[in-house]
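According to Swiss-Prot, the protein carries these features:
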ACT_SITE  LYS165  active site, proton acceptor
ACT_SITE  HIS284  active site, proton acceptor
BINDING   ASN113, THR163, LYS167, ARG285, HIS317, SER369  substrate binding site
BINDING   LYS191, ASP193, GLU194  Mg(2+) binding site
MOD_RES   LYS4  N6,N6,N6-trimethyllysine
SITE      LYS324  site 'Transition state stabilizer'
Amino acid sequence: VGFKAGVKDYRLTYYTPGYKTKDTDILAAFRMTPQPGVPAEEAGAAVAAESSTGTWTTVWTDGXTSLDRYKGRCYDIEPVAGEENQYIAYVAYPLDLFEEGSVTNLFTSIVGNVFGFKALRALRLEDLRIPPAYSKTFIGPPHGIQVERDKLNKYGRPLLGCTIKPKLGLSAKNYGRAVYEYLRGGLDFTKDDENVNSQPFMRWRDRFLFVAEALFKSQAETGEIKGHYLNATAGTCEEMLKRAVFARELGAPIVMHDYLTGGFTANTSLAYYCRDNGLLLHIHRAMHAVIDRQRNHGIHFRVLAKALRMSGGDHIHAGTVVGKLEGEREVTLGFVDLLRDDYIEKDRSRGIYFTQDWVSMPGVHPVASGGIHVWHMPALTEIFGDDSVLQFGGGTLGHPWGNAPGAVANRVALEACVQARNEGRDLAREGNEVXREACK
């Protein structure tokens, strides 16, 4: 008695426009494109239902729990300006739906199933509001921006990096030689490419040994602390941690992980190891464009960036901004702030749908990488500020005099731009002149 089987509209249960969100709710903003004939309210309610407690029909066991306590709620829907049949659906999820400290569970719940739903032509997760009650259950960055600067004894400027090229094919000894040339030229870091793991031409243990030799030799010559992002990504978590242990035993200061291909569970495991053992953790976002490139379907990178800050990483690649449209610049700087700052106000012009309070969670260094060179230095210095890593691959190796002179050119340009900025010069207007003066 009281149970009535059958299919009913999702909006009768999961669309609640009068709902007042709680401080402990996880809030999501979805860009949805309903199928023709599907009302926006039904589509939004379907998203809330299928990513929380709902299924396609009423079930007897609904009566054995409190749906009001556990269900997701679509509490607001707004049309997207300038787009036909696109809406932003706001969904609130009770905190008890999620396992503490697990990005894996968070993503499995919110985006694990609903993206293939028939009522929707397309769906994109634009933003998440993570309440402090949930974010405090995560490890966060193993060390964060300030501790990294203290470890490196480097302040008042962006850090400089370089990816070793060719990314595949070098022997371990030649690879180590390239690392040494860059670091002695003035870079702070060099980097394994994301797809350098342990291939037949260069096994990981050989690479780690020759890179460690290059690190210590360049440190002795320059008097500066140097690092190389030793990619610990592997086919199993056990093998990944074995590589991280070997890096620590060699005295390396930093390791690297491909967090999307490696997975959030592996990434969080590595972050715990890095915090416990004093290793910095560099994160590459390989595979991100598969997820975030389409404007109306997938997951925006700002969500992946927030997830990484919770899962754990001290650096993450975040695009370059340089040469892009102004609107994209603002959106990129929006998620750069979400990586670095403690408190970020809602600002739709920057793509930030919710105010995010990270409380005391350490910040992550954004890494500008990809197609940049020394003449971009003034713009990069102005846009990203000091708390960033500027990574020049071809922009270092492509120097006509070789690797070390390429590194010298980048370091000289960076220090000239920082000094000019500190003297009050306008880098946006005078940047090229600053770099030319530094060439003399």
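From the backbone N, Cα and C atoms, a Cβ is placed for every residue, glycine too.
Feature annotations (Swiss-Prot) mapped to structure.
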residue : record                       : DSSP (3 states)
ASN113  : substrate binding site       : coil
THR163  : substrate binding site       : strand
LYS191  : Mg(2+) binding site          : strand
HIS284  : active site, proton acceptor : strand
HIS317  : substrate binding site       : strand
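If you draw a 10 Å sphere around the CB of ASN113 (substrate binding site), it holds 11 other CB atoms from the protein chains shown. Closest to LYS165 (active site, proton acceptor) in space, going by CA atoms and restricting to the recorded positions ASN113, ASP193, HIS284, ARG285, HIS317, is ASP193. Listed recorded positions near GLU194 (Mg(2+) binding site): LYS167, HIS284, ARG285 (candidates ASN113, LYS167, HIS284, ARG285, SER369; Cα-Cα distance within 10 Å). Neighbour counts of Cβ atoms within 10 Å were compared for the recorded positions LYS165, LYS191, and the top value is held by LYS191.
Shown are the recorded positions HIS284, HIS317; of these, the residue with the fewest other Cβ atoms within 10 Å is HIS317.
Non-local contacts of ASP193 (Mg(2+) binding site) by the CB criterion (under 8 A, 6+ apart in sequence, same chain) comprise THR163, ILE164, LYS165, LYS167, LEU168, ASN231. Fewest Cβ neighbours within 10 Å among the binding-site residues LYS167, ARG285: this applies to LYS167.
Annotated pair HIS317 (substrate binding site) and HIS284 (active site, proton acceptor), C-alpha to C-alpha distance, rounded: 6 Å.
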